[in-house]
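Per Swiss-Prot, the feature Fe(3+) 1 binding site maps to His15, His57, Glu61, Glu130. Annotated Fe(3+) 2 binding site per Swiss-Prot: Glu58, Glu61, His80, His126, Glu130, in sequence order, evidence recorded as similarity to another entry. As annotated by Swiss-Prot, [2Fe-2S] cluster binding site applies to Cys662, Cys676, Cys686, Cys687, with the evidence given as similarity to another entry. What Swiss-Prot records for 202-248 is domain 'F-box'. Look at Swiss-Prot and you will find 1-159 tagged as region 'Hemerythrin-like'. As annotated by Swiss-Prot, repeat 'LRR 1' applies to 340-364. According to Swiss-Prot, the feature repeat 'LRR 2' maps to 365-392. Residues or ranges marked as repeat 'LRR 3' in Swiss-Prot: 393-418. Swiss-Prot lists 479-508 with the feature repeat 'LRR 4'. As annotated by Swiss-Prot, repeat 'LRR 5' applies to 576-607. The repeat 'LRR 6' annotation in Swiss-Prot covers 608-635. Here Swiss-Prot flags 636-661 as repeat 'LRR 7'.
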Amino acid sequence: MAPFPEEVDVFTAPHWRTKQLVGLYCDKLSKTNFSNNNDFRALLQSLYATFKEFKMHEQIENEYIIGLLQQRSQTIYNVHSDNKLSEMLSLFEKGLKNVKNEYEQLNYAKQLKERLEAFTRDFLPHMKEEEEVFQPMLMEYFTYEELKDIKKKVIAQHCSQKDTAELLRGLSLWNHAEERQKFFKYSVDEKSDKEAEVSEHSTGITHLPPEVMLSIFSYLNPQELCRCSQVSMKWSQLTKTGSLWKHLYPVHWARGDWYSGPATGLDTEPDEEWVKNRKDESRAFHEWDEDADIDESEESVEESIAISIAQMEKRLLHGLIHNVLPYVGTSVKTLVLAYSSAVSSKMVRQILELCPNLEHLDLTQTDISDSAFDSWSWLGCCQSLRHLDLSGCEKITDVALEKISRALGILTSHQSGFLKTSTSKITSTTWKNKDVTMQSTKQYAYLHDLTNKGIGEEIDNEHPWTKPVSSENFTSPYLWMLDAEDLADIEDTVEWRHRNVESLCVVETASNFSCSTSGCFSKDIVGLRTSVCWQQHCASPAFAYCGHSFCCTGTALRTMSALPESSAMCRKASRTRLPRGKDLIYFGSEKSDQETGRVLLFLSLSGCYQITDHGLRVLTLGGGLPYLEHLNLSGCLTITGAGLQDLVSACPSLNDEYFYYCDNINGPHADTASGCQNLQCGFRACCRSGE
């Protein structure tokens, strides 16, 4: 349902506060030691205050919302008659008054948990009903101006309650230092009645609605947000809102530059002196001996400054990974770690796992390896990526490009093209193992076995496969593809079982499949067993074929799903008929004509001298890179013109002005491409570095 205009949405703001309170008491309930009397009583007092606020909230709703709605609609009655708030308050009072010892506390705790769980199950849907049912009715029976006036009164009533500030403090503060300080202050210097009355009716910044606070926080930089998060629990939760952390620049932040806007003007290369300083920092940090004697020389002082900067960067990265990204990672669009002195492959792997919606990733001149991309382990896990800069990452090999290509996803148009091919070339193959007989297609039917159904459900002689496998139901189990000429040792499968392998797939060479794309060299695929990429999640046949020399061969795949229950194994499975009139496999959404994968616009592998033609051809899988405009392969010494041609043919939007590769390669667009950018470069690989 589309959200209602903010000015007339009378439920969302108060309900946000109420839902926060529900989350807080659930968290406290799980952390309370019921054997400890102090913890037990503190929890009950907190719950009592929370439910008093719930009671106040519903009284305001009854008077200013439900009551007015009942006057105009006869269908509304007894909205808050069965919410059990009074019963819960009585339960808390009983616990505070009557429970005396540890045995009674533990018995009471069991009852308390059951009652709270039951209340929460009813209370949250009740709020949802108000937002989805009563709000539209309000829009129907009241004018826009009337609703604006109602919302103002509701917010004012929530803010004017005497106990609101105290409830906020009681629910937000876990340490008792502030409470002791307040007690001491007011016991020594009591305020006059007049001052107390004024303070009760004053409205401070803590009473502002959450949406207003978020608007204020949006003007703060990351350092200021971190300071605000220490003010109170409420502010701590607000500062962890994803919209405040869309763009991350940890390397700049560690050096005092707290910019956190979009990545504009960051693509220009720094001068060599700046790069040298970053390298010196990295070297000093890695060579630093914590137990070494202190050297007071000028050179040592400069080195200690470099070490302290790198240490600051490392602490900042750890803080982001453990304290910020678990909450806001899905909202992060930009991550710039260029020239980082402290970042490691493990850190990058953790960050990428927490940030699946990245659009701009800059890892220029970092000391990462292929393992940094291990978290990109399934098809389309980072399909929003538009800018990827790996310039100067000398440890990057083809393995990383395999993971990157898989993470970019697969084009919808590419999927549909292969579905048409598959329906015309379906052949049946029988795999018999004792009493189990299975049938699959030569190319694509094996993916049906990746659903959660058991063998007994999938193999039914009377009910052929008719339901397409959509991407929404796909659970991405592991799929192991083996070369039929070089099968794995049985000991290897033990390790796979520990890695939660759910399916096993055997690949056989088939010669009757020809790629539909022109210019294919029809070479066989070799070494699939040794490829790390294909030993991960393999979710699409279109990802295994393309119109280039790397993959113009067919495969017949035979799949055995995870072991079913014993009863299923005892039954003899009948051969399964495959309907040819319908699509057997479906990858993608019918609802959108716009591509959601492989939208990369910028790719720089400058100085990645270990990249080969294999890595370039991997990028053509799944539909190529149709939107790529900028491609920098300067310093990639081992690639050839054939590999470049294969990649360029899969990049129809490539701009020759931003296409860079070694001058010694006789490749595509030789007259219009921009050549090598690394000539006489002091910090990037180049075949002419010594000149």
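Including glycine, each Cβ sits where the backbone N, Cα and C put it.
The stretch from 340-364, 608-635, 636-661 with the most CB pairs below 8 A to the repeat 'LRR 3' (393-418) is 608-635. For the recorded Fe(3+) 1 site, residues His15, His57, Glu61, Glu130 set the reference point as the centre of their Cβ atoms, and the other residues of that chain within 8 Å of it by Cβ are Phe11, Pro14, Thr18, Glu58, Ile60, Ile65, Met127.
Across the structure, Glu58 (Fe(3+) 2 binding site) and His15 (Fe(3+) 1 binding site) place their CA atoms 11 angstrom apart.
Same-chain residues lying 6+ beyond the ends of the repeat 'LRR 1' (340-364) with a Cβ under 8 Å from its Cβ atoms: 250-251, 263, 266, 278, 281-282, 285, 306, 309-311, 313-314, 317-318, 320-321, 325-326, 329-334, 371-376, 381-382, 384-393, 604. Considering only the binding-site residues His126, Cys662, Cys676, Cys686, the residue whose Cα is spatially closest to the Cα of His15 (Fe(3+) 1 binding site) is His126. Classification of Glu130 (Fe(3+) 1 binding site) by DSSP places it within a helix. Sparsest Cβ environment among the binding-site residues His15, His126 (other Cβ atoms counted within 10 Å): His126.
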